[in-house]
């Protein structure tokens with residue numbers, strides 16, 4: 001296994017790039033269009049794309065968790081050492097904050113900001129629980145059946161979840177914390193973080209519990225569908 005300092009660097013750098021992409025594309029989209037739907041689309045595509053890239057290049061180094069609840073679930077499943085959970089989470093949060101600040105610098109905005117965007121209420125919390133549940137189910141199902149497709153699966157899932165969830169799918173406590181420090185298109189008020197993070201943790205735990213049963217190995221598994229005329233492995 002790669003040594004811990006390299007893994008932590010990968011997590012910090014990866015989360016920084018992820019947040020810089022989320023915040024930066026939100027700023028750019030908001031500047032280029034007065035149509036909120038167009039701006040959201042301009043925020044969605046770069047986020048899904050960068051997740052594909054980051055998981056592909058950083059996965060072999062750190063696992064490319066880039067998300068505290070992903071780290072938490074892997075630790076609960078005994079697939080990640082408990083001693084590295086806190087360092088991973090701190091690296092992810094620090095990286096996310098740096099990513100938000102870098103986005104501000106790139107767009108000549110005040111570096112230090114506090115978001116004033118209201119994101120609270122039962123609908124938003126439910127959306128975050130659902131978004132995080134779906135993300136973890138995607139990751140765990142992908143690892144079970146098609147591990148080499150994880151980058152694409154996660155990128156596509158988040159692209160979809162931006163649009164089918166009322167919260168636009170933060171699904172990541174480190175990203176949520178970082179986004180509380182930007183008063184731009186992607187922001188969230190710091191006071192709203194608690195509800196979001198608790199919902200994310202709840203969604204992740206439910207996904208882990210269901211995945212343990214749903215994706216358990218079985219002798220009666222249905223063979224994969226293959227194109228007609230192709231030999232089965």
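We number each residue from 1, going along the chain as drawn.
Heads up, the Cβ atoms here are built off N, Cα and C, so glycines get one too.
Taken from TrEMBL, the feature transmembrane segment applies to 12-29, 49-76, 88-107, 127-145, 152-175, 195-216.
With respect to Cβ pairs under 8 Å, the transmembrane segment (195-216) is most closely packed against 127-145, considering the stretches 12-29, 49-76, 88-107, 127-145, 152-175. Counting same-chain residues at least six beyond the ends of the transmembrane segment (12-29), those with a Cβ under 8 angstroms from any Cβ of the stretch are 38-43, 45-47, 50-51, 54, 58, 62, 64, 66-67, 91-100, 102-104, 106-107, 109, 174-175, 178-179, 182, 184-186. Of the recorded ranges 49-76, 88-107, 152-175, the transmembrane segment (127-145) has the largest number of C-beta contacts under 8 angstroms with 152-175. Proximity of distant same-chain residues to the transmembrane segment (88-107), defined by a Cβ-Cβ separation under 8 Å and at least 6 residues beyond the stretch ends, is recorded for 7-9, 11-21, 23-24, 27-28, 62, 65-68, 71-72, 113, 173-175, 177-179, 181-182, 184.
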